[in-house]
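Copied over from Swiss-Prot:
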CARBOHYD  653  N-linked glycosylation site
TOPO_DOM  1-75  topological domain 'Cytoplasmic'
TOPO_DOM  100-104  topological domain 'Extracellular'
TOPO_DOM  124-142  topological domain 'Cytoplasmic'
TOPO_DOM  163-173  topological domain 'Extracellular'
TOPO_DOM  191-196  topological domain 'Cytoplasmic'
TOPO_DOM  218-256  topological domain 'Extracellular'
TOPO_DOM  279-289  topological domain 'Cytoplasmic'
TOPO_DOM  314-332  topological domain 'Extracellular'
TOPO_DOM  356-361  topological domain 'Cytoplasmic'
TOPO_DOM  442-452  topological domain 'Cytoplasmic'
TOPO_DOM  475-529  topological domain 'Extracellular'
TOPO_DOM  588-658  topological domain 'Extracellular'
TRANSMEM  76-99  transmembrane segment
TRANSMEM  105-123  transmembrane segment
TRANSMEM  143-162  transmembrane segment
TRANSMEM  174-190  transmembrane segment
TRANSMEM  197-217  transmembrane segment
TRANSMEM  257-278  transmembrane segment
TRANSMEM  290-313  transmembrane segment
TRANSMEM  333-355  transmembrane segment
TRANSMEM  419-441  transmembrane segment
TRANSMEM  453-474  transmembrane segment
TRANSMEM  530-553  transmembrane segment
TRANSMEM  565-587  transmembrane segment
């Protein structure tokens, strides 16, 4: 009884005082002294352990409350931080523009683009449903039909009037227009199903190409914008020298082609991989694809692949729609292949720019080729099957699989090595084969007393009429025809390298004709040639395309083989029609050189301006036997005309220099 009472007293005492009571006293007589000492020791031990924990909780209590407050108002803090960052950027942006607007032009353009994208996003988010309700009356089928007819009629009349007024000043542009008609008729004659051609798709594609070319080539704002964009791309690609010079040395980078141009492919591949990881490439591709799909009424998959070919190569673009390749119709496969042959990739674009090819023309040709490729592919191989991808919802593009930006950059650079090796190997092989073919043809020609027979000469004769229909002057046609033939039978790298050599000769002030041989082509011919060569349509690309697509869908190898030749031919014609559009729209740009002022000063180096001005002076100079020569036009009564003539005769040979 006493023991039970003692246990009860112990339990009550412990419960009432708690384990934090360090002076716990056990008064029950039933508990011996040893148990008492053990309990005292335990009580002191527990008290020593618990007191610091209690103080720690009291110290952490304000931090806990602060963390809870931050979590509760996280969205508010994010908005405040974002607002402060925007204010700081606005201050920096205004300061940069006020100090030197020309220097801050790139920042201004980027800022405007970001603001435009954000405005479109918020308009769609907050006003999208209202705009849809406002446009609901236009869903009436009869109203839409009348709108289409009026739009088509106005467009046709406007085109006819514009051509009539514009070609009155430059009749040679009509040749390029006739070239477009010629290529369209040839492609229609080669069509797989003539009765199934959707002319709406064809005319929309050609119309979009023409409108974009009009904005970029003819209008001053568009031309200046793309010229500026091309300059920025060149400046950006110049940073490749920092890496390649460190690894390879300045001497190799400056003097050797392989170390000068090929590292740009690695740098550009790295940048494209980063942009793909961030989702920027997918976003731009989807917007372009949506626009083409809505206007041209093509399916989601083929349109997405066509839009992707503006930025990536003919083997990378099908990866965007890889899960859907197995279900594509033959017409859709043909469209995917055609777009690959008709455009170039972003990485190769950088290499061509490093050759000295005009960057704005290359960018314009790539973008203009997308709607034209889609249109002509539907002309040559119209749709007769039922596609599974007619929905306007489109196809979702995945983000990059890399875990961070550094991995994306590393993978992009590593993947570009294979492309660099492929380009270098092809250049070595094709140039060697071309040299052998030329030697063999020259030997065969000499057997029958035909001197100088080469592959380029044969191409210059066979392709000369076609090149003339693009709008190239007849005197430039042999050289342009050579490059077109080289591009188709070898590859575009060799052709663009040849074009860059002609351009360098012109800019260096070399005489146009030497011993009856033309040394360079006109600026107009350079632009048309740049457009006509912009694409992967060559014989070697057949194997690359078939190999890439067959690895993705092996069971459709026979279908791929059926349409690849048609796609190659169609892709070539896309580039030729783009060249015709450039021939229609091209006008000389830049202020003409004031030759009187230019030659009034002493000059020691030859340039294109030197050649043009000296040629003008030669044309206005007349020999008077033993008397000093006389001058006409702007050179008449100029005291320095004789000195300028002497300077020009020091650089160029002419009959008036005798």
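In case you wondered, yes, glycine gets a Cβ from its N, Cα and C as well.
Counted with DSSP, the topological domain 'Extracellular' (314-332) comes out as 14 helix, 0 strand, 5 coil. Per-residue confidence over the topological domain 'Extracellular' (218-256) averages out at a pLDDT of 80. Take the CB of the residue listed as 'N-linked glycosylation site' and look out to 10 A: across all protein chains shown you find 10 other CB atoms. Recorded stretches compared: 76-99, 197-217, 257-278, 530-553; the one with the most Cβ pairs under 8 Å to the transmembrane segment (419-441) is 257-278.
Stretch with the most C-beta contacts under 8 angstroms to the transmembrane segment (333-355), considering only 76-99, 105-123, 257-278: 257-278. For the topological domain 'Cytoplasmic' (191-196), the DSSP-based tally of helix, strand and coil residues reads 3 helix, 0 strand, 3 coil. Remote same-chain residues near the topological domain 'Cytoplasmic' (356-361) are listed as 216, 223, 226-227, 229-231, 233-234, 496, 499-500, 503-504, 526-527, 530-531, 534, 582 (criterion: CB distance under 8 Å, separation of at least six residues from the stretch ends). Long-range contacts of the topological domain 'Cytoplasmic' (191-196) within the same chain, counting only residues at least 6 positions beyond its ends with a Cβ under 8 Å from a Cβ of the stretch, are 379-384, 566. Residue counts of the topological domain 'Extracellular' (100-104) by helix, strand and coil are 0 helix, 0 strand, 5 coil (DSSP-based). Within the chain, the transmembrane segment (453-474) has long-range Cβ neighbours (under 8 A, six or more residues past its boundaries) at 172-173, 175-176, 178-179, 182, 434, 437-438, 441-442, 444-446, 480-482, 484-486, 489, 521-522, 524-525, 528-529, 532, 576, 579-580, 582-584, 586.
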